[in-house]
Amino acid sequence: MVKISSKEIIDKFLLFFQENKHLLIKNSSIIPENDPTLLYINSGMAPIKNFFTGEEKPLVNKLCNIQTCIRTVDIDSIGDRHHLTSFSMLGSWSINDYFKEKAISLAFEFLTKCLNIDKKKLYITVFFGNEELNLLPDEESIIYWKKVGVDENHIIKCGIKDNFWGPNSEVGVCGPCTEVFYDTGVGEKYDINKNNFDTKNRYIEIWNAGVFMQFYKNSDKKFSRLNFKSVDTGAGLERLSMVLNECKSVYDTDLLNPIKEFIEELSENKLPEKEKLIITDHMRTVVMILSEKVSISNEGREYIPRKLIRKCIMFLFKYNLKNIDLCEIAEFIIDKYSNLFFNFKLNKNYIIYSLKKEQEKFKKVLDLGLEKLKYVKCENISGDYIFELVTSFGLPFEIIQEFALDHNLILNEENYLKRLKEHKKISKKVLISENETLNFSEELKNFKPTKFSGYENLYCEAKILKVFNIEKKLVLILDETCFYAESGGQLSDIGYIFNDDIKIKIEKVKKDENNVFLHIGVLASGNLDNFSKIVSLEVDFEKRRNLRNNHSSIHILQAILKKKYGNNLNQAGSKIEEDKSRFDFNYENTISQDEIFEIEKRVNFYIRENLKIITNIENLSNAVKSGATALFEKKYSDKVRVVKIGDISKELCGGTHANMTGEIGLFKILSVKSISKGVKRIIISTSENALEYTQEIFKNNLELLKNRKKLSEGCQNKKINFNNTSYFEKNNVNFGFVMTEKNYKNLKEDLKNFSDKKNIVLLCIIENEDKNQIIITVGNIYKNKIFANELLNKLFENLSGKGGGNPRIASGIVEAKAETTINNFKSNI
């Protein structure tokens, strides 16, 4: 039950700050005005940032509002507890008025007095300083938080990454910030001695209670104090609603739960939980974007709605729900939330028209591609045909994989990837970031191959030969590098390139067919107008270590699989990532859980043996003769790099690896599944990631055991009494109905088992004044003859209610008394 609605939270917030002399300003459009750096407004202060630089002056110095925001940077995290692509930000600002003490006092008062949050549930992060940048710890904020009543043990000191804001460019206003987290009680409690502040599970950020803009960062990287000081605060409405109503996630709040339930009803609960949440989020964001009359295309901000819509459609096709109309979901969102978002109703026709057009276009692409697949007459689908389906018909490769799996077809993924690679060579384009490519065909042909020294070193010096500046990305070509470029399924290194003049954060590294390395990143500091071309390169050790541990463990895994299942087993693909990696291989049979444990055990045995990992450059013919595994039937040069792990593995490989197997620490198989006929995929993790995964499983098992015990103790008194079942017969079908006062976790299962045992169609009524919950189960004897969901819909023809289900079991809410419901059920069968 909702304890406080989102509308009430908004009203309380705005009233509180208006009573504290803040002027309420309007919610700005999500389309930025005169700001080419943003696709969409992504924070409350974005529309008014000129107030903080002094370029514009507000009517008054204290402001507040609620601002709709769009953020797609965390799009891969959608479907978890609290990440969203669109959200409402409650904001308050002081422009050269009050500062830290007042900001903290206001935040604490609003949370504890207006929202009645127990201060024991609040944890605070503050900036602990940075000696290198000569930035002192934010001791003032600590003093003020303690002054309002926050326990000192609830104040966590964090670094520049978490608790120092800005500037976005090499110069500008910036300062420390202090954030408020809510203790959900789920997971390990924070212990100052363990430094275990878990913001993924237990603690959720509900308010940035103050970005204190008190410094100006100069071009010499020094920070000078400002006379003009400001405060920027922001609280996510969805997160506040989540904690105030003790919801498990933001998707259970009144801002999202109705959408989620509507999708459940449309899909008859056939969508997995994560996909359901992703569609919930994406469709709300699509409606928000289209309500601003944004067009849909392949470029810039217009690509975002296309990407979100197509992702939703792909999920529906994947789970055989292609007949679901996204326009129905959009109409529901518009009708439900027009009171909060004025443009929804105003531009409803445009939203539905644009969505319908895009949906029809992409569904035609999928239908046409799938129709082509239906005419495949052999078990093997060639790589050329897959390539044609993807490039000529626009059919996503993921859909082709699903089709192959459902129809027992074998995909020649190897040849498809080969064709795709050739196609990319022809186009001569390098992906810089999503939807940003640069044609290097002319520029790159003049460069010699980049010297790579990264096997031995994580640090080197080099000369910059060329810098390409593409919107917000820099692409550097050097004479030498220690950065590993993405290749062979392994992700690239990240890190920094720097000297006294500039510092560039490297986000990815790619290389062309001539081994010219492209270092792609953003300017962290300095000026590109005049700088020395001699630079230092420093690879991020943490990521490199995780990548090489995962890569080495994949080699051991393949050796064990070959030994167990035969030398005919070959790699069909792999991807080496930082936190986990995957290995695809040809194998027809099912792999049991016991086999998985055995494989896991063998890999960990060789890790504990601490075998030496040796790399050598050898002649190709000699390496193959000596038993080295060559992958993908790729073309190798006469000289090849051979990676040898003890006496168990020898492969041709250009990737990075550990020095000893003991460095890997721990190996864990996360999942094993079929991805097409005769092809299996193993997902693995190593080192700390594997340990965290194992600990999480252990912790969850303990919780399950506790809950099981509580459930078994409490269920004895809750279970339904089937002795009260009444029976009747109609049209040679046996029926029964039973009533109960309480629902419980396994009620549906109990009803289903009872209807199977008694060979009846059973109606159960859970009494609750004028609105009763009903459950209909069909006994196994009537399977494929009588359908529970049809009986439920028949009931709703005469009684007001809603619900859904499947042929064996259906449930819903009916707005009628029990006697009326039973009589209606009898008469309308």
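Backbone N, Cα and C define each Cβ position, glycine as well.
Per TrEMBL, the features are:
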| type | residues | note |
| --- | --- | --- |
| BINDING | His551, His555, Cys653, His657 | Zn(2+) binding site |
| DOMAIN | 4-696 | domain 'Alanyl-transfer RNA synthetases family profile' |
Per-residue pLDDT averaged over the domain 'Alanyl-transfer RNA synthetases family profile' (4-696), given as an integer: 88
Any further residue of that chain within 8 Å (Cβ to the Cβ centroid of His551, His555, Cys653, His657) of the recorded Zn(2+) site: Arg548, Ser552, Ile554, Ile613, Val643, Ile645, Glu651, Gly655, Thr656
For His551 (Zn(2+) binding site), the number of other Cβ atoms found within 10 Å of its own Cβ: 23
Neighbour count (Cβ, 10 Å) for Cys653 (Zn(2+) binding site): 24
For His657 (Zn(2+) binding site), the number of other Cβ atoms found within 10 Å of its own Cβ: 24
Cβ neighbour count within 10 Å of His555 (Zn(2+) binding site): 23
